[in-house]
Every structure is written in C-alpha cells, then in structure tokens.
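Undergrad: Have a look at this one before I ask anything.
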Amino acid sequence: MSDRKIQMVDAPAGLEGQGFFATSLDSLVGLARANSLWPLPFATSCCGIEFMATMAAHYDIARFGSERLSFSARQADVLMVMGTIAKKMAPVVKQVYLQMAEPRWVLAVGACASSGGIFDTYSVLQGIDRIIPVDVYVPGCPPRPEQILDGFMQIQELAKSESTRRRQTPEYKELLASYGIE
Ligand code: SF4
C-alpha cells in the first residue's frame, strides 16, 4: 500500500471561488426559483386593489409563474406588502415574515408600504423597512399594475442571480440581526 500523502493545493490565480459546478448549479436553481415565485399578498388598503388588477386577465401574473398565491406564510417566497401599515399592525407583518421559509424576498408596493406615504402621523409605520428587510420598493400612490409587475420582475432578477449560499453568509445574518432576527 502506498504511503504517499494527499496534498491539497490552492487554485491557480483567477480560478478561485466556488468553482464551475457550484456556480452553474446556482444559475439553474436561480432560474427555477425566479420562475415559480409564490407571492403572499399582505394587502391592507388601496394598493391591494391594484394588485387585484395585476392578478386578473389583462396583466396576468401567471405569465411569471406566480399565479399561485400563498396565504400560508410557510409556502410563500415573496411577501408583497401593499397598503398603509399602522404601528399596531407592524408586529403582525413581522410575524408573517418570520414564518416564511428561506429564501424569502420582500416587495414593498406603493408609497405607504415603502415610506408611510402621505400618512406622516403618529399611528402609521413610516415604511416596512423599519421592521423587516425589503428587497425592492415600488413607487407610486397607487402604483399601476405595470409598476407592480416591474417590481416583481426585479425580485425575479434577484432570485436568478442569488447564490444558493447567500442565506448562510455572515452579511445576511448581520442584516437579519440588525432587525433583531436570529
Ligand atoms: S400608497 Fe396610496 S394608493 Fe397605496 S395604500 Fe397608500 S394611499 Fe393607498
């Protein structure tokens, strides 16, 4: 039997990183994820009506593989917050986010969800990014269905390009920790 020891060597310069197999697998998984995102619509007011139009035949969100709305947080991929979020409602939004499995994305639809909108008052949360991390913001009061679809396509781009390891990275854990999420 040979007593030669196996020696690991560093990859040559320019070829470091995750390697061909891991990066190609990332692309494949990203493509599959991006075209089957299940939204959880958290609609509290008028922006929710625009979402109904986005779902309906004319705009047809099924074209993006996302016609299956998930009202169960554990089966949802994208939390779509649409409407004014009162401070009393904030813990509920956060609870729904916490119940979602990774990888999860968040779309803030409209001025109210993004920044409190016109309701600069004591009772309204001035943007859901005060309580949970947001991936994409859709401007408008209300945004048209085209804008909502554009925001959704931005989420698809994120899903496509995201490494399968991102959710285990220290940066992501740090982001969650900044919201008090373990
Ligand atoms: S952004 Fe405008 S349309 Fe949307 S929920 Fe707020 S007030 Fe209503």
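Glycine is no exception: its Cβ is also placed from the backbone N, Cα and C atoms.
Unlike curated records, TrEMBL annotations are generated automatically.
Got these off TrEMBL a minute ago, pasting:
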BINDING   CYS46, CYS47, CYS112, CYS141  [4Fe-4S] cluster binding site
DOMAIN    46-154  domain 'NADH:ubiquinone oxidoreductase-like 20kDa subunit'
Undergrad: At a 10 Å cut-off from the C-beta of CYS112 ([4Fe-4S] cluster binding site), count the other C-beta atoms across all protein chains.
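TA: Result for CYS112 ([4Fe-4S] cluster binding site): 27 other Cβ atoms within 10 Å.
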Undergrad: Would you mind listing, in sequence order, the residues at least six apart from CYS46 ([4Fe-4S] cluster binding site) in the same chain with a Cβ closer than 8 Å to its Cβ?
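TA: Set apart from CYS46 ([4Fe-4S] cluster binding site) by at least 6 residues yet with Cβ under 8 Å, we have GLY83, GLY110, PRO142.
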Undergrad: Using a 10 Å cut-off, grab the number of neighbouring Cβ atoms around the Cβ of CYS141 ([4Fe-4S] cluster binding site), all chains included.
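TA: For CYS141 ([4Fe-4S] cluster binding site), the count of other Cβ atoms within 10 Å is 12.
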Undergrad: Taking DSSP states H, G and I as helix and E and B as strand, how many residues of the domain 'NADH:ubiquinone oxidoreductase-like 20kDa subunit' (46-154) are helix, strand and coil?
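TA: Counting residues per DSSP class in the domain 'NADH:ubiquinone oxidoreductase-like 20kDa subunit' (46-154), I get 46 helix, 15 strand, 48 coil.
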Undergrad: Over the domain 'NADH:ubiquinone oxidoreductase-like 20kDa subunit' (46-154), what is the model's average pLDDT?
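TA: Result for the domain 'NADH:ubiquinone oxidoreductase-like 20kDa subunit' (46-154): average pLDDT 96.
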Undergrad: Report the residues of the chain - excluding CYS46, CYS47, CYS112, CYS141 - with C-beta within 8 Å of the mean position of the site's C-beta atoms, for the recorded [4Fe-4S] cluster site, in sequence order.
TA: SER45, GLU50, MET82, GLY83, THR84, VAL109, GLY110, ALA111, ALA113, GLY117, GLY140, PRO142, PRO143
Undergrad: Quick one: give me the count of other CB atoms within 10 A of the CB of CYS47 ([4Fe-4S] cluster binding site).
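TA: Other Cβ atoms found within 10 Å: 26.
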